[in-house]
Amino acid sequence: MIDTTRYPRLSRIHTPDDLRRFDEAELTVIAEELRSYLIESVGKSGGHFAAGLGVIELTVALHYLYQTPVDQLVWDVGHQTYPHKILTGRRDQIHTVKQKDGVAPFPKREESVYDTFGVGHSSTSISAALGMAIAAQRNGDDRKVVAVIGDGAMTAGMVYEALNHAGGMDPEPNLLVILNDNRMSISEAVGGLTKMLGRASGSRTLNAIREGGKKILGDKKNNPTARFVRRWEEHWKGMFVPSTLFEEMGFHYTGPIDGHDLPRLVGALKTLQTLKGPQLLHVITTKGKGYELAEGDQIGYHAVSPFDPSKGLVAKGGAKKPTYTDVFSDWVCDMAAAEPKLLVITPAMREGSGLVRFSKEYPQRYFDVAIAEQHAVTLAAGMATQGAKPVVAIYSTFLQRGYDQLVHDVAVQQLDVLFAIDRGGVVGPDGATHAGNLDLSFLRCVPHMVVMAPADEAECRQMLSTGMQYQGPAAVRYPRGTGPGAALDSSLATLPIGKAQLRHSGTRIALLGFGATVDAAEAVGRDLGLTVVNMRFVKPLDKAMLLELAKTHEGFVTIEDNVVAGGAGSGVSELLNAEAITLPMLHLGLPDSFQHHASREDLLAEAGIDQAGIRTAVLKRWPQLMTGKTPSLNAAAG
């Protein structure tokens with residue numbers, strides 16, 4: 001429970017209605033309490049940190065002035081919504097964020113009426129908010145709709161599709177877009193738009209006028225002259241800053257204003273509430289505001305494990321087991337030294353995809369295209385037409401956003417593009433919007449694609465080299481976190497395409513493991529005396545090995561950390577069916593549902609694709625396999 005002594009006002013806020021009972025003069029103190037509570041809570045639980053600290057004042061102002069949940073707030077991405085959750089009935093549960101059955105890390109409609117739209121991916125807020133505004137207009141509702149979007153998210157194309165639509169509508173929608181400009185996405189924001197927005201807050205002429213006004217007016221911030229000057233300043237900015245872009249698209253532009261100046265923020269929002277038609281308010285904020293260490297390291301404090309706020313993040317001592325991301329990071333630098341045609345593209349995920357070292361060692365061969373997955377894939381296709389060997393480093397969940405380009409621009413033309421797909425399969429605490437549980441299904445159906453899934457770290461390196469050597473589109477899909485700990489070297493050895501690896505020769509049943517499931521499958525197979533195969537390739541499958549095993553085994557079990565529907569197991573069934581082979585099959589994988597937020601271990605166990613789950617499923621289907629087993633093994637099966 002919240003400490004009422006430390007948080008005398010926040011402890012009285014259970015819903016925004018409670019917030020609106022306070023005097024406006026108390027909002028600054030409430031914001032201070034909210035910021036302190038967020039630091040304390042996330043310090044204990046871990047989670048997204050710096051983004052929420054940057055919107056404390058904005059969150060308080062919005063819930064104070066707008067009649068939520070009747071008026072609707074749509075948050076882009078959702079990294080910044082912990083303060084929103086605290087003010088909307090989840091204050092005492094916020095310490096459970098990202099945990100199984102705890103508070104979701106992103107807005108989730110099933111969780112709260114105040115979470116108006118489920119998010120996790122970037123740049124969707126304006127489209128969703130416009131849809132809500134149109135529906136309200138058609139229903140005769142006078143509700144207001146607000147979209148809050150960061151400058152990093154403004155780099156995605158669908159933002160401008162939505163702005164273009166909203167600005168040209170008749171009748172005009174009752175829509176406010178708030179541009180939360182902190183010069184960041186997860187990594188530093190990049191591109192021409194970011195530079196333009198930077199000029200908005202850094203104009204020398206504008207700053208000189210502002211400072212001169214301060215000297216004349218002194219501390220008299222609320223006298224009529226001061227209020228007139230502030231209004232004049234907001235219009236004057238249009239001569240120096242990006243208002244023209246938004247005005248030309250049909251939006252009335254206000255700003256930029258200090259997003260941490262709560263009285264001024266409240267004043268601007270009050271004015272905007274009286275205006276009709278699409279509005280855009282540009283606020284300047286600092287990611288990590290109020291916690292000095294986060295302000296100084298906005299990337300490092302974007303998302304944190306539990307830590308002591310009085311000390312900050314502390315590096316763990318001892319040798320660190322490399323993650324699959326680390327394996328890719330080392331490989332891409334090694335391959336770049338050997339292959340001068342290699343170029344790397346990432347959509348705003350330099351740190352997450354393991355490209356910090358590469359970006360420093362090969363800056364002229366590194367392309368961060370911002371949050372623009374569609375552009376990233378077609379950019380790679382264009383490079384490939386000119387003989388380059390592009391690598392697209394991308395999370396599985398974000399590749400969904402570039403799927404048309406993968407098919408239309410890369411695969412149809414059989415171009416040499418390698419997709420290094422991180423966070424494949426079960427991802428864990430970030431929930432459904434960040435899961436990689438669909439990729440094997442949507443990749444294996446694409447003609448000309450080679451699709452690989454490594455069982456360990458060494459195999460990941462080999463597959464990346466194989467994909468680089470392959471003449472055509474290839475994908476290496478690897479999981480979040482660490483692998484089993486295979487020995488690594490700096491070689492760039494390749495694998496024969498479409499050839500599986502026999503891990504254990506047994507009898508009766510063959511366990512066919514794909515990717516991260518192979519180790520668990522091997523443990524079960526050795527225990528029960530079954531054949532175990534590391535399939536390696538989802539496409540093409542090792543047809544020769546599968547047909548040979550079908551002659552000598554009574555059944556197949558396929559195991560994958562992907563949805564069963566259309567996945568690797570489906571490919572095995574299709575291959576046998578094409579050869580008119582009838583064989584009992586058991587497909588183990590992820591269910592036909594979206595993953596909730598929980599630990600990776602919990603989710604694998606729930607799906608029955610950890611060691612215990614595989615063993616139980618196999619023995620349930622073929623109970624005769626227990627014949628002759630010891631009681632201890634029988635007990636383990638339960």
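Residue numbering: from 1, along the chain as shown.
Any Cβ shown, glycine's included, is placed from N, Cα and C.
What Swiss-Prot says about this one:
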{"type": "BINDING", "residues": "His79, Gly120, His121, Ser122, Gly152, Ala153, Asn182, Tyr291, Glu373", "note": "thiamine diphosphate binding site"}
{"type": "BINDING", "residues": "Asp151, Asn182", "note": "Mg(2+) binding site"}
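Features per Swiss-Prot, on structure.
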{"residue": "His79", "record": "thiamine diphosphate binding site", "DSSP class": "coil"}
{"residue": "His121", "record": "thiamine diphosphate binding site", "DSSP class": "coil"}
{"residue": "Asp151", "record": "Mg(2+) binding site", "DSSP class": "coil"}
{"residue": "Asn182", "record": "thiamine diphosphate binding site", "DSSP class": "coil"}
{"residue": "Glu373", "record": "thiamine diphosphate binding site", "DSSP class": "helix"}
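Look at the binding-site residues His121, Asn182 and count other Cβ atoms within 10 Å of each Cβ; His121 has the fewest. A Cα-Cα distance of 14 Å separates His121 (thiamine diphosphate binding site) from Asp151 (Mg(2+) binding site). Of all the Cβ atoms in the protein chains shown, 30 others lie within 10 Å of the Cβ of Gly152 (thiamine diphosphate binding site). Asn182 (thiamine diphosphate binding site) sits 7 Å from Asp151 (Mg(2+) binding site), taking the Cα positions as reference. Once the Cα atoms of His79, Gly120, His121, Ser122, Gly152, Ala153, Asn182, Tyr291, Glu373, the listed binders of thiamine diphosphate, are compared pairwise, the greatest separation found is 32 Å.
Each of the binding-site residues Asp151, Glu373 was assessed for Cβ neighbours inside 10 Å, and the highest tally belongs to Glu373. Cα-Cα distance from Asp151 (Mg(2+) binding site) to His79 (thiamine diphosphate binding site): 14 Å (rounded to the nearest whole number). Its own atom aside, the Cβ of His79 (thiamine diphosphate binding site) has 26 Cβ atoms within 10 angstroms in the protein chains shown.
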